[in-house]
Every structure is written in structure tokens, then in C-alpha cells.
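Engineer: According to TrEMBL, the protein carries these features:
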{"type": "SIGNAL", "residues": "1-19", "note": "signal peptide"}
{"type": "DOMAIN", "residues": "18-113", "note": "domain 'CopC'"}
{"type": "TRANSMEM", "residues": "141-161", "note": "transmembrane segment"}
{"type": "TRANSMEM", "residues": "173-194", "note": "transmembrane segment"}
{"type": "TRANSMEM", "residues": "214-234", "note": "transmembrane segment"}
{"type": "TRANSMEM", "residues": "241-260", "note": "transmembrane segment"}
{"type": "TRANSMEM", "residues": "272-296", "note": "transmembrane segment"}
{"type": "TRANSMEM", "residues": "308-328", "note": "transmembrane segment"}
{"type": "TRANSMEM", "residues": "340-361", "note": "transmembrane segment"}
{"type": "TRANSMEM", "residues": "373-392", "note": "transmembrane segment"}
Amino acid sequence: MVVLTAGSLWAATPAAAHATVVASTPADGARLDGSPTVLAFDLNEPVSLVDGSTQLIDVDGTHYPLADQRLEGGRQRIVLQLAETLPDGAYLATARVVSADTHVVSLSIRFTVGSVTEQGQWTDVGGQSAVDRVVLLPIKILVYLGTVASAGLLLASRWSWPETVGTPRFRTVYRAGAGLLIAGLLGRFTVLVAEQAGAVAAVSWSAITTIARTPFGIALAMAAVLSMATFLRLPARHRDAEVIGLFQAAAAIVAVTLGGHGGSTNLWPLPFVATLLHVYATAVWLGGVTVIALVHKAVPHLARWHRVVVGHLVLAVGAGVVLAVLQIRPFAALFSTSYGITLLVKAGLVAAAIGAGYAAFRALRVRPRHRTHAVLVETTLALLILGLTSSLSSLTPARETYTTNIATRLDFGGSDTLDVDIDTVRRGAQVVTVRDRDPGSADVEVGVEFSSAQANVARLPVELVRDRSADGAVVWRSDGLIVPAPGRWKVTVRFDRGRGPKLASFFYEVL
């Protein structure tokens, strides 16, 4: 049922994803002889353009008007039509988009026109979200709590304790869960609409309909409507009420899936299916914990629940590993990014919760009516897991934030060596530093150029500014270097101490 519901949503409209620029017109860092008439961002995924977010500014902060801004090519290309000819100068074009995994992504390209060849120094153009992330996190927690206490509660009861469905305690907990889910879903929709409009005060009907037409918007509406229906007519042990409850569970799980990284179309449908299975299995597991903690005075059918929870934990962990592999690249990103560290903490809490659950199982098998400390510990850990999950789904995947520097020593023979450092492996602005430790290097000439067959760049010369460090070493630093595309890049260094030029090179991977 969950898969069928999801399939109908994905067939309704193309989805957005965590978008990145794969090409632009002009290329990032380009030097143009004359003013362009059109600027374009080519993206790896379809997007929704945030209203009023596009702008073109020069290095002095002057804004230049745009005659038109539109999406083309299946919503994977942003086109900006210039309203006037640009004078010579350095420029920055920016836009903000909403992806299907509900992230707001800032995009930019830099270029120069005419006699100006030096790229401007720009401050961070990412900006803050129209609605602070502090608001989004508790809203997501409401969604996850509501999903567990409604969909998870029903599914776990159907698997292990079908006689529980419709009992007074079940009805009380389920209604509370449905209420939390409705509040969380409406909050998510409000935040997304505000992000789409660019500000809360700028919310318009256009922004509302733009979000409502996305796969997540459709899933959110379905889950909210079905949750309202089950809030008014609670699931019971007769067919009609139970079917509505199962459809609500399916819609809630799909909405949670599309509201996170499962909404990405990169490598689709793998991220979606893995997230869907992970959300479903986790909802059943934590729904069962809710039944034990809040619904049953005595916990029957422990052996049956043990088999059910073990199977769903295996499914949740397996799907989680797949998601980790998709979101964390390279492996070092697991230990050096916010996403990776948060995931490690969550994994530790899950392991602790499984241990507490096993201790509770053994204790309840002996004394079914006795609520042990292990049940309390497992419930507390479950709440912490939900809180971390809300944070994790809001973070940019580690594969998109991980970076490191490149440091190498080039040996030109004899005593001629240079230390070369590149400050980041992310594409875009990079700083190359070349150091010659010989204090008598006044007459040394150094040149650097980049090239990449994968990025189709035959030669990218690097402008260097010469200086001398505090320890007396001669230092050359790049000025305005922009590496325009990911892939394998070759760095060639030309070195001449007055005895003829020498060349050395090395390769590195740009992300």
C-alpha cells in the first residue's frame, strides 16, 4: 500500500532534489569580452525557484535589473534575461531554489566583463532561510512523534497485538499522535510556503500552489486529510475504520520519506525506496515501544513481538546503511562533517535502545505487568532518536559539504623543491599556495595552470601574487582562482631558478 501510494505521487509531477549547478552560462569564473544578454544555471535536478530570489550585482553592490527569470528544461535550467547592457566590471548572479527534499539551496556564478579581469571579493551569498531553522526542527519532531504514535502504533498493533486496536488506551494515544502529526504537517507546509515566497510577509497564492503541486506537497496534503479523518473516526476492529487507518499510515510514511533526503531524484528510486523502508521499519519499532509503554497494562504475545521487532530492526538498519552510503562520501566525511557526526550519535543511540529493548523483553517475559527501568530507558532513547532524526533530515548530506585541503611537495631535482597547498577540494573558489623555503629565491619564477579532461578544460592559467612569509620563505598565492567543475584535475607547476624552466604536476579530485 505504501509503495502504491508513493508511485502515484511520483507519477504526478517531476520532483526536485538537493540541487547543484552542473554548468552555467557564462561559466563560473569566466572573463567575457562583452556584456552577456542571458545568464543560465544548469542543474542536476528539477527545482522550484524561490520568488524574488534572483539578482545580479557588481563588486560595489549595485543591483542590475533582470527583464525575465524562468525555469526551462523540465525545471532543471534557470534562465535570467538581462534588461540592459552591463558595463565593464566583476559580477555575481545568484538564485535560491527549493528542492524536493525540502532544502533551500543558494546558487551563484561569478564572471567579469571587458577590461576588468579580476573576480570580485564576495561575502557569503547563501543567506539565512526566510524561516529560522530553529522553527523547523521542532516542527519535524512533531511530525515524527505523530507518525510513530499514529501510523507506527497501528502497524505495530496489527503485527503483534491486533486485539489492542480500538481499546480506550489505544484510542487515546492514537488520537494524540494524529493531532501531533496534523500540527506538524501544517507547520511544515507553512514553512515551505514561506521559503518559496522568500519571506513570511511575502506569502502568496502562487507560492502556496507551487509547493502544493510538488510530490511532497501532495503527500503532505494526503497525510493531513487522512490524519484528520482518523482523528475524528479512530481505527477500530472493523473493516472500514481499519482501512482508513492503514491508508493514513501509508500516507504518513510517504510524507515523511519525501520530506527528507528520500525526496532526492539523484539515483532515484534508490534513495526513495531506502528511506521509505527505513521510515516504515522505524515507525513499527517505535510504535511497538509506544504500545508497551502506554497502551498495554500487561504485555502479551512477547514472543510474537520479539520476532516482529527483530525483523523490522534488521530492515531499518539495512536501509539505514544504504542511506549512509548514498549520503556520506568519502568515508572520511563520516568523522568530519555535521551530518556524519550526527549520524554516528544516532547510531549509538539506536544501539543503546536495542540493548534496552532486549533487557525489557527479558524482564517482561518474567513479570508481564511490571514496567521495568529498561522500558523507561528505551522510551527515552526513542525520543532522543526522533530528535536527532529531525536534525539529520535537515542537514546537508556529508557528500555535499565534505572538504579537505591538498598538500604536496614537488621535487624538481637537486635541492629544488616547492610545497604546494590547495585550501579545498570543493569546486568553485580555491586558493593555491606555493612555498619555496630557500631564502635566496629572489629571482625564482613560478607559474601554475590547471587542466581537466573530465571537465573539458584544456588550460586554466592561475594568476599568482608573490609575497614572503614570516619565516623568510617565498610564497605565491593564487588570485581569483575558480575551479568551475568537479572531476579529476591536473595541476602543473612551472619552476625556474634562472637555470631553465622545470615542470612538475600532480592530480587531485574536485568534488
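Note: Cβ is positioned from N, Cα and C throughout, glycine not excepted.
Nobody curates TrEMBL annotations by hand; they come from automatic prediction.
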Engineer: So, do the transmembrane segment (272-296) and the transmembrane segment (214-234) meet, by the test of 3 or more Cβ pairs under 8 Å (sequence gap 6 or more)?
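Structural biologist: Per Cβ check, the transmembrane segment (272-296) does not touch the transmembrane segment (214-234).
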Engineer: Restricting to the domain 'CopC' (18-113), what is the model's mean pLDDT?
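Structural biologist: Result for the domain 'CopC' (18-113): average pLDDT 86.
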Engineer: DSSP on the domain 'CopC' (18-113): how many residues come out helix, how many strand, how many coil?
Structural biologist: 0 helix, 54 strand, 42 coil
Engineer: Among 141-161, 173-194, 340-361, 373-392, which stretch has the most Cβ pairs under 8 Å to the transmembrane segment (241-260)?
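Structural biologist: Answer, by Cβ pair count: 141-161.
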Engineer: By Cβ distance under 8 Å, which residues at least 6 away from the ends of the transmembrane segment (340-361) in the same chain are close to it?
Structural biologist: 289, 292, 302, 305-306, 309, 313, 317, 320, 324, 328, 333-334, 372, 374-375, 377-378, 381-382, 384-385, 388-389, 391-392, 395, 398, 402
Engineer: Near the transmembrane segment (173-194), which same-chain residues lie under 8 Å Cβ to Cβ, leaving out any that are not at least 6 residues past its ends?
Structural biologist: 98, 102, 130-131, 135-136, 139-151, 153-154, 200, 203, 207-208, 211, 216-217, 220, 223-224, 227-228, 230-231, 234-235, 248, 252, 255, 259, 290, 294-295
Engineer: When you scan the chain for residues with a C-beta under 8 Å from the transmembrane segment (373-392), skipping those not six or more beyond its ends, what do you find?
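Structural biologist: Cβ under 8 Å, 6 or more out: 137-138, 140-141, 143-145, 148, 286, 289-290, 292-293, 339, 342-343, 345-346, 349-350, 352-353, 356-357, 359-360, 363-364.
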